[in-house]
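Working notes for the structure below.
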């Protein structure tokens, strides 16, 4: 990260690993706020976010000094600063490409709206789907994508199409002006400098869990043999 903030001051350099944890802290703070907590300690916030307190304090140090020694963090103040840092003090228009089961499920997820992300359109290459709505989100022909991106000032696109179509969809989104992509397709995407891609591979995550399960099974078998 480099350049200037809107105020003209230099942007802080924040490690990617820290950026990835900021939404976890915000979710934990939201839960504390819902419980009418005004102040929390670093230990409490770390436990709620599922990280150790030292890591949390180091992460938050990149944002500035928003805690008080011996008192803790002001929940509302820290919520605001984290939300501002990750860019959700403003609303973002998002398009989802692919109106299959996954795309429809994503369009129906209410958590996006509450976090400042408005799904403005579901896009699909099947023209027979155009005109339908999923959870209030209109389905448009993918051919309408450039006009929708321009009209709604969309900068974020979600790809929920088969792997074979993912790169072409990416190219078309980028050409239309989309600069951030969340990719659910099982494919590695090539994008130009200035375009950010985050990949969500559910099958890989399941395979990782399967690996750990197999290790547990092997350890249990070895333990049983040792006591036999």
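These residue numbers are counts, starting from 1, taken along the chain as shown.
Cβ coordinates come from backbone N, Cα and C, glycine included.
Automatic prediction, not curation, is the source of TrEMBL annotations.
According to TrEMBL, the feature DNA-binding region maps to 24-63. Same-chain residues lying 6+ beyond the ends of the DNA-binding region (24-63) with a Cβ under 8 Å from its Cβ atoms: 12-15, 18, 71-76, 78-79, 81-83, 85-86.
Secondary structure at residue 102 (NAD(+) binding site), taken from DSSP and collapsed to helix, strand or coil, is helix. Look at TrEMBL and you will find 98, 99, 100, 101, 102, 103 tagged as NAD(+) binding site.
In the domain 'CoA-binding' (87-188), helix, strand and coil residues by DSSP number 39 helix, 29 strand, 34 coil. Per TrEMBL, domain 'CoA-binding' is recorded for 87-188.
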List, in sequence order, the same-chain residues at least six positions removed whose CB sits under 8 Å from that of residue 102 (NAD(+) binding site)?
160, 184
Determine the Cβ neighbour count for residue 101 (NAD(+) binding site): the number of other Cβ atoms within 10 Å of its Cβ.
9
Neighbourhood of residue 103 (NAD(+) binding site) by C-beta distance under 8 A, where only residues 6 or more apart in the same chain count:
96, 97, 122, 124, 158, 160
Which numbers of helix, strand and coil residues does DSSP report for the DNA-binding region (24-63)?
28 helix, 2 strand, 10 coil
